[in-house]
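A.B. asks: A single structure is presented below for examination.
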């Protein structure tokens, strides 16, 4: 049986792992190579690496940090940040990434998704979207590191991205990010039940029960978290054991 | 020497990173002479069948790979590298290498496609010798990492030594003489995947004696 996945996330800026709250007030969380190695050993199902300032600073991702981190991991490694062309994706795959996530670049140019999917297969194109609640049962997509409201509904963009060839969606709630108040279950359930590809829920993990909620009620295929792992609240193993106890298929 | 075939797509660095952990020397190459000289070929994973075949044909590697496999060179196909061994893929409806009889089909839409994540491999049909070598210290129903929308349906079911279920049962490990192929990514399946990779390399060198 296919298991649900628990995914630690390394938000990167200037070669260091950082973690903010609602995309601001970033705190240093350590060295990516050390953390990658630790999470791999603890039983993480995958590792996500996002260069969160590449787009805003209009630069390419730091390839040498990607290479060094990739060498540490025996599990799948997704990398994103500042991807604007299929050539950027080719370089990341060469540097040790297994999947590449695209966010602002894809929103500005949806053809980027199909170009990448045609060249590398849709299973290796992750559409990353940052979403903020803008009304009752209404969520908009934000780009440029969460700075610009596109006015486009999250569900509309998710569906369009899947048609273009995205193989997976990394769905981040900006409102819940770093707050440890739980994932946005409603948002995730709506997106996950309406698209044909796996959805990774992100933003808000704080308690063990939050993981159960998002995987069962939120219908997420995977749960991503950063703060709770970086700052030592839980180990990956603790979360996975708790999920297993609650009857969720998980790899221990 | 192992040659990891570079055909413009694929997670090449992931394979060499995994082999480096085992201290197994490998080169990433698209050179025909290197591929001819290598003791073992690995055709890696990530990519689309159409683009994969086109890239192989453009560089003439399709013919070289076929010739070397038919001559008996040890070959490991991973994910797309497994699918390309068969006659035809539904992905872009392309003709593949045709070294094994059978087709590559798409998962039905009842489940999320692609299948992404860790799934179990049930060991089957394996003779004791194969089981002992290939699955040495790997228990039945162990988890490996899959990323696929398509799966192989070999005509000869006796090739299947590992089977996985995702809505339907499909071949996740096959062996035929000098060919081993996995639908999952051993290079991305944690310590157990590295162990399997080591077993495969050992299995191959034992066979050459």
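Counting starts with 1 at the first residue shown.
Using N, Cα and C of the backbone, Cβ positions are placed for all residues, glycine too.
TrEMBL feature annotations, pasted as is:
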DOMAIN    B:4-190  domain 'Glutamine amidotransferase'
ACT_SITE  B:79  active site, nucleophile
ACT_SITE  B:185  active site
ACT_SITE  B:187  active site
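Relative to the rest of the structure, where do these features sit?
C.D. replies: A 10 Å cutoff on Cβ-Cβ distances gives residue B:79 (active site, nucleophile) a total of 29 other Cβ atoms nearby, all chains included.
Mapped onto three states, the DSSP output places residue B:185 (active site) in coil.
Counted within 10 Å of its Cβ, the other Cβ atoms near residue B:187 (active site) come to 29, all protein chains included.
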A.B. asks: In whole Å, how far is residue B:79 (active site, nucleophile) from residue B:185 (active site) when you measure between their Cα atoms?
C.D. replies: 7
A.B. asks: What is the separation, in Å, between the Cα atoms of residue B:79 (active site, nucleophile) and residue B:187 (active site)?
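C.D. replies: Between the alpha carbons of residue B:79 (active site, nucleophile) and residue B:187 (active site) there are 11 Å.
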